[in-house]
Amino acid sequence: MESDLTVEESETIKTRSRRPLTEHRRHSLLPLQWKLAHSSRWMAQVVASEFSLLAFLLLLLMVFSKKWLYPSKSRFHQRYPQNITKRVYTSIHSMSTGLLYICISKSCLSSDNEEDNFKMWTIHPAFGVAKISFILAVGLGFVLTVWLHLPYLPCLQRMPFFGLIGIILSFCEVTLIFLTLLLFPVNLWIYELKKNISVPIGWSYFIGWLVLILYLTCGILCYLNHKNFWSLIMSSSSINATCSSSVPVSLMNTSQISKSQADILDPTQDDQKPLSSDNIALPPNPDTTD
């Protein structure tokens, strides 16, 4: 009876020891690709949201900075009267304050060159389109930053069409910023050709290219998450691993099959040996005695 109990106890111990192993394999090895894919997806979402926040802060820096141009480093290639030179400097200074700057001081309102400034910097088509696109870029950048941070809220983690809307907002933002960065120097070059001067561009303009790269990266990451790029990579890697593991097995099977076929086609060594004279049975002699 004791021996039976010990056997039963040993069997129960073995089954208990095997059960966690199978459960560990079931819960750790199988969902490993799922965990890696979803962790990569979440990391891409975090990077996209933080890049959008950084890009929006740089946009605000562009709005409030007054270093779009360097008026002190401007060079005149033609001599002008003092009043015209003053007008040119005033125009360059108003342009260096950025696309969202509006002069409301008394000096701007009561100056004699007020009409000239409006004609040159606000009524000019390239400058007007650049100002509108920059205003839209700032507003859309705020919307995109808020949108990409919504998944941090637990109740909004499963929003439909989240990735698609993020892609559309990101690439619209990239288009608006690129249009602004393209039209601003075009307007400046037209003015330089008209007045025969050269004005260097400031660091606030070049920050816009960094903002463009950040928003473009956000759009690419949103596109990869929307197309389930990380799960596709994990599935392709698992398929390659299974194919590589099945190749040696198939080679072993083919070698075994070829060996068995060779054994069937070739006769054995016993069949190939010639019969000796001792082993040959002679027929009996006929009886000649009558």
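We count from 1, first residue shown onward.
Cβ atoms are placed via backbone N, Cα and C, with glycine included.
What Swiss-Prot lists as phosphoserine is S28, and the listing cites similarity to another entry.
The transmembrane segment annotation in Swiss-Prot covers 44-64 (among others).
For the transmembrane segment (132-152), the list of distant contacts is 45, 48-49, 52-53, 55-56, 59-60, 63, 99-100, 159, 162, 165-166, 169-170, 172-173, 176-177, 179-180, 183, 215, 218, 222: same-chain residues at least six beyond its ends, Cβ to Cβ under 8 Å. Positions annotated as transmembrane segment by Swiss-Prot, on the basis of sequence analysis: 132-152 (among others).
Under the heading transmembrane segment, Swiss-Prot lists 164-184 (among others), citing sequence analysis as support. Proximity of distant same-chain residues to the transmembrane segment (164-184), defined by a Cβ-Cβ separation under 8 Å and at least 6 residues beyond the stretch ends, is recorded for 48, 52, 68, 99, 126-127, 129-130, 133-134, 136-137, 140-141, 143-144, 147-148, 205, 208-209, 211-212, 215-216, 218-219, 222-223, 226.
The transmembrane segment annotation in Swiss-Prot covers 201-221 (among others).
For 262-290, the entry in Swiss-Prot reads region 'Disordered'.
Counting only same-chain residues 6+ beyond the ends of the transmembrane segment (201-221), those with a CB under 8 A from a CB of the stretch are 44-45, 47-48, 51-52, 54-55, 58-59, 61-62, 65-70, 96, 98, 141, 144, 148, 166-167, 170-171, 173-174, 177-178, 180-181, 184-185, 188.
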